[in-house]
Amino acid sequence: MSFPPHLNRPPMGIPALPPGIPPPQFPGFPPPVPPGTPMIPVPMSIMAPAPTVLVPTVSMVGKHLGARKDHPGLKLKENDENCGPTTTVFVGNISEKASDMLIRQLLAKCGLVLSWKRVQGASGKLQAFGFCEYKEPESTLRALRLLHDLQIGEKKLLVKVDAKTKAQLDEWKAKKKANGNARPETVTNDDEEALDEETKRRDQMIKGAIEVLIREYSSELNAPSQESDSHPRKKKKEKKEDIFRRFPVAPLIPYPLITKEDINAIEMEEDKRDLISREISKFRDTHKKLEEEKGKKEKERQEIEKERRERERERERERERREREREREREREREKEKERERERERDRDRDRTKERDRDRERDRDRDRERSSDRNKDRSRSREKSRDREREREREREREREREREREREREREREREREREKDKKRDREEDEEDAYERRKLERKLREKEAAYQERLKNWEIRERKKTREYEKEAEREEERRREMAKEAKRLKEFLEDYDDDRDDPKYYRGSALQKRLRDREKEMEADERDRKREKEELEEIRQRLLAEGHPDPDAELQRMEQEAERRRQPQIKQEPESEEEEEEKQEKEEKREEPVEEEEEPEQKPCLKPTLRPISSAPSVSSASGNATPNTPGDESPCGIIIPHENSPDQQQPEEHRPKIGLSLKLGASNSPGQPNSVKRKKLPVDSVFNKFEDEDSDDVPRKRKLVPLDYGEDDKNATKGTVNTEEKRKHIKSLIEKIPTAKPELFAYPLDWSIVDSILMERRIRPWINKKIIEYIGEEEATLVDFVCSKVMAHSSPQSILDDVAMVLDEEAEVFIVKMWRLLIYETEAKKIGLVK
């Protein structure tokens, strides 16, 4: 077992004692004992931050085990008994200057270490404590004796065990003691003392090795900062460690520690005893959790290692398979080579057989010839020598053939060597290719992750934008509701105070005749006012002429009136003008009248120059044109003097056509015969002026009202009929829209005339609307989705099926979108049926 990290820190609230001052004593605890005495930890709540207050253990003396050399069978049994349970030792107060390798070697001097665990902090720095697991309890006892309070650098090492480990050590020592009691009574105290001497001798030997190890690390321990161990120094330490390992290890007598019963036997307060028990239980639980977490991490590491080994084995099997294939290929090559060798050997055998046959034949020939002449002996001897020479030549040829064969064999061996090199190179290339593929896959994964993060970011931006839009829409809707409530309140008050007799003439119109009669009355009143004003002006002119000393003011006024009438009369043409001259003249008049129209304000409605009519002739009721307003005064006077207004285009007359006296009055006869021609001549320039600015101002200002011609007749009737038709059409459209249901069930159940839904209607009305709504909902154009919705509509699909398909893309906006689209479809089909649209 191991101690949790929180037991390695000083308790909060208790100040540290100065060096050299012993810690305070608590009731029920004896004073501190010399170093080397086995100790147990005191709980944190009663422990000072100075050297830890420890309780001395109760010595338990067991009987000696006898001479081991006289009982070899007993020696094996003793070795089995020494291998007790694994025990964990808490090592604390480790100096920062002491390297982890030094602590490992110190722990290894005391016995076989199964594991050494030292916690790393958040910064990666090793903590000042750790947990060492020994294979045998004997090693644990030796570590407690030799390493506790060992001076390392500026600190003393702290070595402890917990209560559970103490219980295991007590059990192990009890077994050892029982084995000692079961031995014969012939065992003497001298043997036990010799065994104690052996243990002390071994402890002294290990202690000397520890001192040598500390002297070896003295440069690091005395250095101002911790330095990492160099590679040569590690080799030197390992050599010295091997030297000390070669010494024989003597068995260690069990040294019992204090048990839980001993703690209960100590005189102390009840709450402190309970606190100690709780601290021990908490320590066990914490260590158990740490062990479970470490076990999980170890399992994960083993799984990863297992997968890595599986991949290595798979790669190794692949290499072995390729090697076996190459080996089989080489084996086939060797078999072929052996077959060729056997074939050559058979050829040689055949050659030798033929040679022997020839030799025998020659021998027979020689035998036959031997009985012939001696003269032939020489020839035979020469033949024989030639045969021997040929035989030697054949032998040399065979030797050369064998040499060539050996050369070919060496060449094949070199070829096999090159093949092996190629295989190794191919393996390296495959490994590099695997590494490249792995890096490529990792890069793709990173790119996918980056793309996902980018899409996520865009989606979040769009969602935030939509949220803001929804909030603004909610605010606008709330504002509209407030306005409607305010308007309803105003209308309620208005209707409560409404009086039909008093307010109907103000808010309702009668027939056209009544309207024109009222306009005529107003016009007559305006004419009367104009006559009065003209008389006043004439009187003013006469007074001015008298003030200037004119002899005959009346004659002067008459002369001015005649001059104005003469200017109004058309000139007599000597010869007809050509069409080009007429066009030039018309363009000049247009240019002359354009500044007049440009000076008018945009809000003023265009009107034609009023026609000069004699006051004596009473106009008909229908003479009030649509352009005439009740506020427009008449321009005639009894004497024929016309007073121009600010809307009159005759204000732009040249200076020479005005009276010399400087008055802004225009004189003229009331019954001028050339007046209709002048009106006809000026109709076209005025229309052209308005047509010129109509296109430019159509986007910025409202369209100007169409001018009504002065010649009232069929045109007036048609205009009135057109106005009525427009009003009726607007009423039809409004009633049609009101008839279309707004609730989804009634809207989807509305019968739709699919025969009217054609490609022309789809392209002109439905598709642009769908595209605009998709851009509004998604934020970008989505041609595929638009085509899909249009195809579903052209396929006469039900609105619910289209809603189900579109809901996967538009989510909660899908229902609103389909409801609006279906209302548009119903409106277009119904409007086309009744002729509202073409």
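Each residue, glycine too, has its Cβ placed from N, Cα and C.
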Swiss-Prot feature region 'Disordered', matched against 1-30, 61-90, 721-750, maps to 1-30
Out of SER637, SER672, Swiss-Prot gives the annotation phosphoserine to SER672
Filtering SER379, SER385, SER678 by Swiss-Prot annotation phosphoserine leaves SER678
For the compositional bias 'Basic and acidic residues' (282-428), the DSSP residue counts stand at 143 helix, 0 strand, 4 coil
Rounded Cα distance in angstrom between LYS425 (SUMO2 cross-link) and LYS272 (SUMO2 cross-link) is 74
Around the Cβ of LYS425 (SUMO2 cross-link), other Cβ atoms within 10 Å, all chains included, total 10
Reduced to three DSSP states, the domain 'RRM' (87-164) has 23 helix, 30 strand, 25 coil
What DSSP reports for the compositional bias 'Basic and acidic residues' (516-568) is 49 helix, 0 strand, 4 coil
